[in-house]
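Here Swiss-Prot flags Lys156, His275 as active site, proton acceptor. Summarising the annotation, Swiss-Prot assigns substrate binding site to Asn104, Thr154, Lys158, Arg276, His308, Ser360 and lists sequence analysis as the type of evidence. Residues annotated as Mg(2+) binding site in Swiss-Prot: Lys182, Asp184, Glu185. Residues or ranges marked as N6-carboxylysine by Swiss-Prot on the basis of sequence analysis: Lys182. For Lys315, the entry in Swiss-Prot reads site 'Transition state stabilizer', with the evidence type sequence analysis.
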Amino acid sequence: YRLTYYTPDYQVSDTDILAAFRMTPQPGVPAEECGAAVAAESSTGTWTTVWTDGLTQLDRYKGRCYDLEPVPGESNQYIAYVAYPIDLFEEGSVTNLLTSIVGNVFGFKALRALRLEDLRIPPAYIKTFWGPPHGIQVERDRLNKYGRPLLGCTIKPKLGLSAKNYGRAVYECLRGGLDFTKDDENVNSQSFMRWRDRFXXXSEAIYKAQSETGEVKGHYLNATAGNVEEMYKRAAFAAQLGVPIVMHDYLTGGFTANTSLSMYCRDNGLLLHIHRAMHAVIDRQRNHGIHFRVLAKTLRMSGGDHLHSGTVVGKLEGEREVTLGFVDLMRDPYVEKDRSRGIYFTQDWCGMGGTMPVASGGIHVWHMPALTEIFGDDACLQFGGGTLGHPWGNAPGAAANRVASEACVQARNEGRDLSREGGDVIREACKWSPE
């Protein structure tokens, strides 16, 4: 492999797709051989020389390991940079992209561990993807909500409620001041609550809350199903009801299904909320798997208006910077290389719409100053237990979140330092809102 696929003198082309792999070779295996093997097994190579190699232009189609750098503080671990010619990949297909780059190479026996840390998608390939159904700006225009983060809540308990009681919980949260409520990712169409009943009860709650508050409201109706035809049926029913948004579990559902649903949502005026159920199976190990920044990039290409991205509150500073790095990759039009934030390559999105990050998991009103400072306005903050756990009920819990959010945004706009004064801002808001 090394003689053919390790090319340290290679000059990267503007149209190459670049990958950064964290690579741990087996003891005794040279890093150059492993890097070349990764390039070979994820492009044109196989375990032996075959006579049909002579029937193709191998230099045109092969992947190349063009750089290796040791990982600081780790023994026998390297970042291998691999360049792939754009002609290896089908236009507009995240499925084909990932099948080629990570489909087989992770089982290669010369490697102890392998992790895909980042991808550089060139403009020539980015332009073959539709991206999010609508994007952040169109979503704000449809909701008529500007200048603050959007607020949401996952309805709990996530399993076991009847459709009628589920709709009641949705109504109380929306009436209290939230912009969205959410189906849990586990909720599809079980015996205790079939999807059509849930869609009907939740849409009734949306319209009732809208009429009382004068605001556009939404509920993430989970359209995930066992086959794409059934997903289309559920999304079509949501469109008939006139609700603004549906939801998909994109990793368990698959990228092909996600892209299909995204295109349907674009054509039928639905926003698409994406949950990342199963992501930790792929991205939790530091030395093996795929980093979430790659899953976030590929989701933006496949299509999604929202994507769960973690909270960063309470984590180490380094983790915070890495999380904010892939949050920027989700929503910004152009992101510069910045290794301190885990961004290995400069990424130009060529005008593709942004995906709004969703912060959820263990957050409540006292986190609001930090969340406002970290995420800014273009984010959706999801308070599950932080809403439904309020001692006075769902609507007061929602009101508490809304008041805290607006107080923090106003304080920030007035130039106050939320990192120092955030607690005071929340306590001042308590005087005007007993919730």
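Cβ atoms are placed via backbone N, Cα and C, with glycine included.
What you are looking at is a predicted structure, and each value in this text was computed from that prediction instead of being measured.
Annotated features taken from Swiss-Prot, shown on the structure.
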{"residue": "Thr154", "record": "substrate binding site", "Cβ neighbours (10 Å)": "23"}
{"residue": "Lys156", "record": "active site, proton acceptor", "Cβ neighbours (10 Å)": "16"}
{"residue": "Lys158", "record": "substrate binding site", "Cβ neighbours (10 Å)": "14"}
{"residue": "Lys182", "record": "Mg(2+) binding site", "Cβ neighbours (10 Å)": "30"}
{"residue": "Asp184", "record": "Mg(2+) binding site", "Cβ neighbours (10 Å)": "18"}
{"residue": "Glu185", "record": "Mg(2+) binding site", "Cβ neighbours (10 Å)": "21"}
{"residue": "His275", "record": "active site, proton acceptor", "Cβ neighbours (10 Å)": "28"}
{"residue": "Arg276", "record": "substrate binding site", "Cβ neighbours (10 Å)": "23"}
{"residue": "His308", "record": "substrate binding site", "Cβ neighbours (10 Å)": "22"}
{"residue": "Ser360", "record": "substrate binding site", "Cβ neighbours (10 Å)": "20"}
- Note on the structure: Going by C-beta under 8 A and a gap of 6 or more residues, the same-chain neighbours of Asn104 (substrate binding site) are Glu41, Ser42
- Item | DSSP-derived class (H/G/I helix, E/B strand, else coil) of Glu185 (Mg(2+) binding site) | coil
- Query: What's the CA-CA gap between Ser360 (substrate binding site) and Asp184 (Mg(2+) binding site) in angstrom, rounded?
  - Reply: 12
- How big is the substrate site in terms of the longest C-alpha to C-alpha distance among Asn104, Thr154, Lys158, Arg276, His308, Ser360, in angstrom? 37
- How big is the Cα-to-Cα gap, in Å, between His275 (active site, proton acceptor) and Asp184 (Mg(2+) binding site)? 9
- Message: Residues other than Lys182, Asp184, Glu185 within 8 Å, Cβ to Cβ centroid, of the Mg(2+) site?
- Response: Thr154, Ile155, Lys158, Asp183, Asn186, Val187, Tyr220, Asn222, Met247, His275
- Query: Taking just the CA atoms, what is the gap between Glu185 (Mg(2+) binding site) and Lys158 (substrate binding site) in Å?
  - Reply: 8
- Item | Of Thr154, Arg276, His308, i.e. the binding-site residues, those within 10 Å of Lys182 (Mg(2+) binding site) when Cα atoms are compared | Thr154
